[in-house]
Amino acid sequence: RMFHDDELEESEKFYVGQPRVLLLIYALYNTLVARSEMVCYFVIILNHMISASMITLVLPILIFLWAMLSVPRPSKRFWMTAIVYTEVAIVIKYFFQFGFFPWNKHVDYTKDKPYHPPNIIGIEKKEGYVHYDLVQLLALFFHRSILKCHGLWDEDEKGDSSSNKEDTDDELSLTGGRRGSSASLKSVNLAASVESIHVHFPEQQTAIRRKSSSSISQLSHRSSFSSHRSKRGKCHGISGIRRTNCKLCAIKSHCGLCCFRTLQVYMPIRQFFYNLIHPDYSAVTDVYVLMFLADTVDFIIIVFGFWAFGKHSAAADITSSLSEDQVPEAFLVMVLIQFGTMVVDRALYLKKTVMGKVIFQVILVFGIHFWMFFILPGVTERKFSQNTVAQLWYFVKCVYFGLSAYQIRCGYPTRVLGNFLTKSYNYVNLFLFQGFRLVPFLTELRAVMDWVWTDTTLSLSSWICVEDIYAHIFILKCWRESEKRYPQPRGQKKKKVVKYGMGGMIIVLLICIVWFPLLFMSLIKSVAGITNKPLDVSITITLGGYQPIFTMSAQQNQLKSLDPSEFNDFLRSYRGNTAALQFLEGYAREDITRADLEGNSNSLWTISPPSRNKMIQGLTDFDADFTLVISWTIQRTLEEVYPYYIKAPSDSLAKPIKQLLKDCKWENITVSLVKNASEEWWVLNQLGKRHKTSHESLELFIFSDKVSPPSLGFLAGYGIMGLYASVVLVIGKFVREFFSGISHSIMFEELPNVDRILKLCTDIFLVRETGELELEEDLYAKLIFLYRSPETMIKWTREKT
């Protein structure tokens, strides 16, 4: 070896011999050191998410619009700004913790009010008010120490002094001219102030330097003239006219100073964004896929946590809301805004316009922060720090902002060829690409947007044709590559692993689809079902259509559940009845409710005398039929009329349980009319009660069917036949299309080698990106001719020999 050091070799052996836990700690520390600026960004964003105030809002905005856009790294000025700002914020928060401030006297009352001014500013009194600020300051100092260790802390100042030496000389001469004159900056007029600002653009350095030198001489001339005039006025006195002129000059000088200071702030910002849009060197990258994934995650958070972005919707459920044909306004607004930003981002990516991306980044950063921390708390009536879903959405959006800043800093790729899932030919890309194409309207929307924002001579139908051919050829290429990796020798039967693996999986899948409704409806209530106990049980008895003779209801403590001993006795009473036992298997003890109804009617009998006489005649005439109605029509006699067991299904129609009624006989009840001096009412009593009571009463057992959870009610509501019609038949249609009509696609499916066709599609994408639109038309015509000519297709897709 050319270089050998025993000490370094011993150090390496010592390091390798350390425990793995210690090596892991070393690796984590090295990762922390290598990405210390990301640690600072994370702590700053975390501090803002928890504090959510105007004091902590400044640094996150500076991160996304300054630090992450700086090339090659954030400058020393940014880190000093962050450190000083954090220190000032800590002092301000500490100062306002004293109790003599008026808003600190009612902290418990105002701490949860989102629009309370101290809460918005961030100066409210609270426990641990400065913890995260101290962690933020510690992270910033840690990063500064790392930059100093690597000699990067003062690198920006050295680079500026060496690269802009001539500009510095010009500025020094200008400063010397200003110091040499006896006049101060107040004597500099507006024109001199504007011209004295040096802004060096790459393509205009010579002209601006000439202008700078001329402005120096002009400034020196005007400064000496003003100095001479001021001396003369001081020695000889000033007349009224001269005093007026001096006032005007002072006003002009004051305006010039204000404009000068404004330009001192404006021109560096303008120069920063100009250099960002027109870089000397560009390390082109493509992180659109990661930005799209971040937006997709935010989209999912909105769908499943939309209640966090609306008012009085903390307990809302999107599935139950949609099943009731209700679209929450907060959900609709958030979805449209998120989808709109995704479309705009796609358009900027296809147009490759960095300036548009910068403008979009600035608008989005200010808009999202203003909406999340000033509008949303008022809408939801709770602070942002108390809204976990909104915090998660904001954190993912910050990841998107960071990726967008990285994309702006590096520049867009010069060529966008195909889908990001088609870069490799393996099973993972194959299944992901096919899943991407199965999403409704996603493929069509992407194709139309690409056609709108890409320079091309093809019509929309031709564009879609090329995209479809490319997708089809890519799928075939993946299958051909898999056949090369796992070749099948000629004359050898398929292995059992392949047959039982693929075939068995398809068989199980088809069986599950066929029997899915029965399995779903069986398990949805037995496994995930919720007990639905009755809240009110009412009995109404009517004789022959006359005034009801008995009305009674049971609520609350009159509705009782069976204890274990009563439930076991109940089951033993039907030991020999097979039909009853089969029915009882579907019910547990908590599904049964015993209703104790008072035998005395809760209302007086207010029948008219003529109707009373007619009813008496009908009851005494045994040759005529007389009906007794207990929610259903039965014979007029009172024997076997009372349904002891009632089934309360998930719908609104309650039915008697015939399996539990011995020999299909119902219970007997006695009916008697009790008269008072001027009032009368009916009294009913059940004869065969399980729980013997001394007073007249009725006893009723209610079996409540379990109902599906609210989140699955929209699916279970279709029933078994509805699920078969809406799910199984639809899936069966797609499966049938896969197994039938194969013969019509043989000439396009059975292609041994698709490399040449794939290369032709890629060439179309390439010439389109380079602007060779005439060549794009020629290659497209060649592709169409290839699919129209089976003989040419056979020649193009032969295996290479």
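Using the three backbone atoms N, Cα and C, a Cβ is placed for every residue, glycine included.
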Annotated stretch (region 'Disordered', per TrEMBL) among the listed ranges 205-229, 480-504: 205-229
Under 8 Å Cβ-Cβ from the transmembrane segment (424-440), and at least six residues away from its ends along the same chain, one finds 471, 474-475, 477-479, 481-482
Annotated stretches the transmembrane segment (287-310) and the transmembrane segment (78-96) touching (3 or more Cβ pairs under 8 Å): no
Across the domain 'Piezo non-specific cation channel cap' (637-799), what is the average pLDDT of the model, as a whole number? 75
What is the number of residues in the domain 'Piezo transmembrane helical unit' (34-154) that are helix, strand and coil, as DSSP sees it? 82 helix, 0 strand, 39 coil
Restricting to the same chain and to residues at least six past its boundaries, which positions have a Cβ under 8 Å from a Cβ of the transmembrane segment (14-32)? 39
